[in-house]
């Protein structure tokens, strides 16, 4: 016989409280079901998406990213707090569900989880400590969020009001849950101790243990009130919270598991205009790309729901950092607001308006360099590049393209390169090295094993042709039987597809694929990560594609390429990871190995390197775009290199090199810092 | 409003490396990439915007061979509803008056409230618009950089030397030659061009237009280009070298020495 009456048997003003124990869950679950049905409606009206493949990898993603919280500690303070709360929630889920039943059946325990059973005893200790940890973590988080206010949570005026109140409110709800659950238990145990009954064990140092100790001299009637009141506060708060979740950023508590399961499994590719359509069907579509909400796929709507407003994407986003219009976090938040407004909880579904002009502005959509820093960082698998590209497709379809980008697009359509250079001059760079390193132009007669895909910028740009020359020399030194397509090559189209001009991209791709097939090459090597990415991830060729850094690293290891010692000891090198080599394709180590293979080289790493590398803003056509920004990305990058103590920035991408060289001048480091491509550096140090 | 826009297919200067031919009276035209004359493109965009506002149709017309079909289709992908191709061997090497004669004949086949041309193209002394207006006995405004539609008339802005702006009212029907910068022409994607690829474009020869072949083409031309060259870089340009501070100091010295600074 327990010393206190359980909520299931208590009466308040003559009303048996068990009534509330039944009513609160029924109303709560009904309301929750209603809200969820309203939230699921837009998903069913959104476009198709193909996310039901690659099941083992998806399960692995869930294990690592959702359950393992592997991306959380990238932001140590917030990450650790989140991990504590997350695991606390997982542990407490069982208890919360049992508590709902206890309101009706006082002695209810899940099979094996009784107070006198082994698992039950262990679980009770675990859940008491979990509640304590969650309480403390939420308390610290609330102080951090409400008082210290880390910069990345700020809401720029153009994106609306501050979000602190909602964040702190939810933390208070969670703390209320923890305290009420503990108090319910503590009041009972205090009463058990006071009456000398067999007392439940409360683990020392836990929240209920503290509460129980402070209640040892409290009158029994008060304990009784506390016991029942705590129960119903918990019960009510629990169902309130459940229904509150789908109304804002805490929806992620429910959706993140699904969002991570359905997250991107391939890297570097762009989604098709619409899944399941043939090329011809796509061409005959009346409207292409995303113009209205329902043009997004269901996964992209789920992304909007899932955004936890943690601000990591925007903190890493180079466009946001230099003050461009884009902040990926608000792509999600504004998207969610648009869904919520168009699909209200009560009343009819509204007509969707054009997204660009109402929800997003054009400058926001064109500001993205598709560097992928946001997606790399998002702890719950939200995607941005496909959404941006889809909205660009919509703009292109409506002819809404910035004037500065129209010329390069026309040139690409007519000449196969954005600079409008003549096709027949594509192989002109080979003339300069004809004696030292003759480069075969594959024209149907000669066959080669390896095709060097040069791509436009390294073929035509007066400075970047040096990359092509050095690449050819390295390939020769590595003993490769290689050739180039010459005038038969057209731009890889990596930027064209990302710009949203799908059909021009298809033309370029089809042309190049045919030329590649005719060349008879068994593999492709390129020194341009943009070409590397398009050929590897967008074209889906049947032959392997490699970046030159991997080829060279192997040749150095095999002793085919021998490198001389660095002569100038004052030079400190730093490697800048190109987005399309690193983040989109995971090639981080080969360029570093190749660099470090030069005897005597001194290298340093910049603060932002590897998968957190900072984009140079070069993403192909962005070279031609004039965004509104406070500072140039590459200027910021050069400053980072200077801060790291480097005086040579080594990159492995012609677009990066263009931007770095310009930025060195703009930032006033001319003569102090130099930029060059990895292949140029290796070529200089090759024993010939 | 029924609008006729006269367009021309010209070598695209942005996508070509221009070289003179051996005769020295024209550019080397092999390997050239052609596109619609830039001024004409602004005119078509303006016409589309007017029709979007007040209704009507936009028709684009060009004098040229089969290749000119591509610019008509491009402008139709942009939003023009109809295209007309004026194609006859007799039209080759027409001068401005010849072109205006042909365009007049084409314009009189329809009933247009407004006729637009680009301010100028790659040849022809920016004369076609004015000549067309005179031949058709219609009011004309040149270098128009703003159009507002009123009742039976237009309010048009014109660029004046020194960056001044003049606003005039002009009665419809009329002819306008359009200056670049009047709007931001929309982008024409590959998809749009493909979607108009099947549309039939009516073609007229001299007989179809009722034009005497002797009055147009090389036969009727009263003007002839005799030379074409790239001017040589003259003397007098001075490159200042040194650090930014040194350059600024030198520049100040020069400006002081020449009375630009006191």
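Quick reminder: no glycine exception, Cβ is built from N, Cα and C everywhere.
Database features, via TrEMBL:
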DOMAIN    A:298-327  domain '4Fe-4S ferredoxin-type'
DOMAIN    A:356-388  domain '4Fe-4S ferredoxin-type'
TRANSMEM  A:12-37  transmembrane segment
TRANSMEM  A:80-109  transmembrane segment
TRANSMEM  A:129-147  transmembrane segment
TRANSMEM  A:168-193  transmembrane segment
TRANSMEM  A:238-262  transmembrane segment
Highest Cβ pair tally under 8 Å against the transmembrane segment (A:238-262), stretches A:12-37, A:80-109, A:129-147, A:168-193, lands on A:12-37
Secondary structure split (DSSP) over the domain '4Fe-4S ferredoxin-type' (A:298-327) reads 18 helix, 0 strand, 12 coil
What DSSP reports for the domain '4Fe-4S ferredoxin-type' (A:356-388) is 14 helix, 2 strand, 17 coil
The answer for the transmembrane segment (A:168-193), taking Cβ pairs under 8 Å and residues 6+ beyond its ends, is 2-4, 85, 92, 95-96, 99, 128, 131-132, 134-135, 138-139, 141-142, 145-146, 199-200, 202, 206-212, 215-216, 218, 220, 223-224, 226-227, 230-231, 233-234, 237-238, 240-241, 244, 250
Same-chain residues at least 6 beyond the ends of the domain '4Fe-4S ferredoxin-type' (A:298-327) with a Cβ under 8 Å from one of its Cβ atoms are 39, 42-44, 46-49, 51, 74-75, 78, 152-153, 156, 159, 163, 167, 246, 249-252, 255-256, 258-259, 262, 333, 335-336, 339, 361, 363-365, 367-369, 371, 373-384, 386-387, 390, 612, 614-615, 617, 627-633, 636
Sequence-distant contacts of the transmembrane segment (A:12-37), meaning Cβ under 8 Å and at least 6 residues beyond its ends, amount to 100, 103-104, 228, 232, 235-236, 238-240, 242-243, 246-247, 345
